[in-house]
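Here is what Swiss-Prot records for this protein:
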type: BINDING; residues: HIS72, HIS74, HIS222, ASP310; note: Zn(2+) binding site
type: BINDING; residues: GLU101, HIS195, GLU225, ASP310; note: substrate binding site
Amino acid sequence: MAKTELDLLIRGSVLLTMREEEAVIENPVVGIRNGKIVLIMQNDLFTEEEYTARKVLDRSNTLIMPGLVNTHTHLAMSCFRGLADDLPLMAWLHEYIFPAEARHVNPEMVYAGSLLAMAEMILSGTTTFCDGYFFVDQVARAAKDAGMRAVVCQGFIDFPTPDTSDPSRQMETAERFIGTWKDASPLIQPALFCHSPYTCSPETLVRIKEAARREKILYVLHLSETREEVSLIQDCYGKRPALHLHNLDVLDPDTLAVHCVWLDEEEQGVLADCGVRVSHTPQSNMKLAAGIAPVPAMQAMGISVSLGTDGSASNNDLDLFREMDSTAKIHKVATGNPAVMDAARVVRMATSEGAGALGLQDRIGSLEVGKAADLIILDLNQPHLTPMYHPFSHLVYAASGADVLTTVIDGNVVMENRKILSFDLEAIMREVEKIAEKIRKSCRK
């Protein structure tokens, strides 16, 4: 009998499917062909006589799990990492970040900064991301070169941007981007990103949402990140931010709201009723002293909450393992309840909930036959991971992105034994250092 040929065969010690049933499989074997998972079983049920593989990854004392999903970031801002810290959000934005972007953001910077950030994500177990920035064709090009799965958002804001000097022509930029990338790669999906209700007029918010609905793509925006934002929107429109957006009819299941730190109970109910999904960014919110989003309350109302890192300039890393740890702990403190945000729930937020937030739940977020082969392999042979009683506990409270040995995206091994295989990381790091030197010189003036 002819053997079934696999592109990749993976063996490990433990596998987390992130399905409701059969969540943990001991001594697993995963078979991959044409970018899809074609078998998952225990090793003692696997027979060498039935299968042959072009490549085998066989490591003892490893954990296999779905790749992590970062539902909110600004990748090219890796070039601004550490430029301005320990500041309130509005001072950070208006005194440092917006001026730096006006001077330095160009296609070359966005490509190099995005690719550097993708290396950081791949090395720390993220396989899919949602990014909002400028010159987004360069973000998409970098994602294609890196082999990452991506939702890439064209940004909108009611003042001149690095890629569009006339705000009234931002939609032309977006239309070109969507036309180029909507069907260019199965791994890349365009989306539209309104910066926030305080930087986008009601007309802009509605116009961009209408375009997103026409194109059947995701609509993303920052929402209620700070108390100051809430007060500003109330003063301008007489409503709290989420109610303002609801009044504009821009909230629906294809809306991803980021931060959501200062939602009151009525606003949470509106988001739940509209099916809006939320990206929680705890480390950025802590660093900017924005506050703690009411995630347990939102989840109790049925709102799907995923995890994002935000950009490197406000975090300052892109390691979702650190976000998981922060998520589990910060809400225990905020609620006074140590049972809130258990480890398994937090891992779901970084995997299956993230996939759902981006509309990719049929493709990624769990390890199942027929789904895309987006997975990571962690090295459990570490002092801080020995012994292991409960895998979810270790992933949230003990592991870090540095424990990821291998990253597979769409069946392709993009990182193996901590080495990026899909592009030249050293060359990109050198390029970003050149960009940073220009930024340093401008800061001295």
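Each Cβ is built from the backbone N, Cα and C atoms, and glycine gets one as well.
For GLU101 (substrate binding site), the same-chain residues 6+ apart in sequence whose C-beta sits under 8 angstroms from its C-beta are PHE134, PRO162. Neighbour density at the Cβ, taken as the number of other Cβ atoms within 10 Å, is lowest among the binding-site residues HIS72, HIS74, HIS195, HIS222 for HIS195. Between ASP310 (Zn(2+) binding site) and GLU225 (substrate binding site), the C-alpha separation comes to 12 Å. Listed in sequence order, the binding-site residues near HIS195 (substrate binding site) (C-alpha within 10 Å of its C-alpha) are HIS222, out of HIS72, HIS74, HIS222. Here GLU225 (substrate binding site) comes close to LEU89, SER196, VAL258, HIS259, VAL261, TRP262, ASN285, ALA290: these same-chain residues lie at least six apart in sequence, with C-beta atoms under 8 angstroms from its C-beta. In this entry, GLU101, HIS195, GLU225, ASP310 make up the residues listed for substrate, with the farthest two CA atoms of the set 21 Å from each other. Compute the center of the Cβ atoms of HIS72, HIS74, HIS222, ASP310, which mark the site for Zn(2+); besides them, the chain residues with Cβ within 8 Å of that center are THR73, GLY132, VAL258, HIS259, SER279, THR281, SER284, GLY308, GLY311, SER314. Classification of GLU101 (substrate binding site) by DSSP places it within a helix. Its own atom aside, the Cβ of ASP310 (Zn(2+) binding site) has 27 Cβ atoms within 10 angstroms in the protein chains shown.
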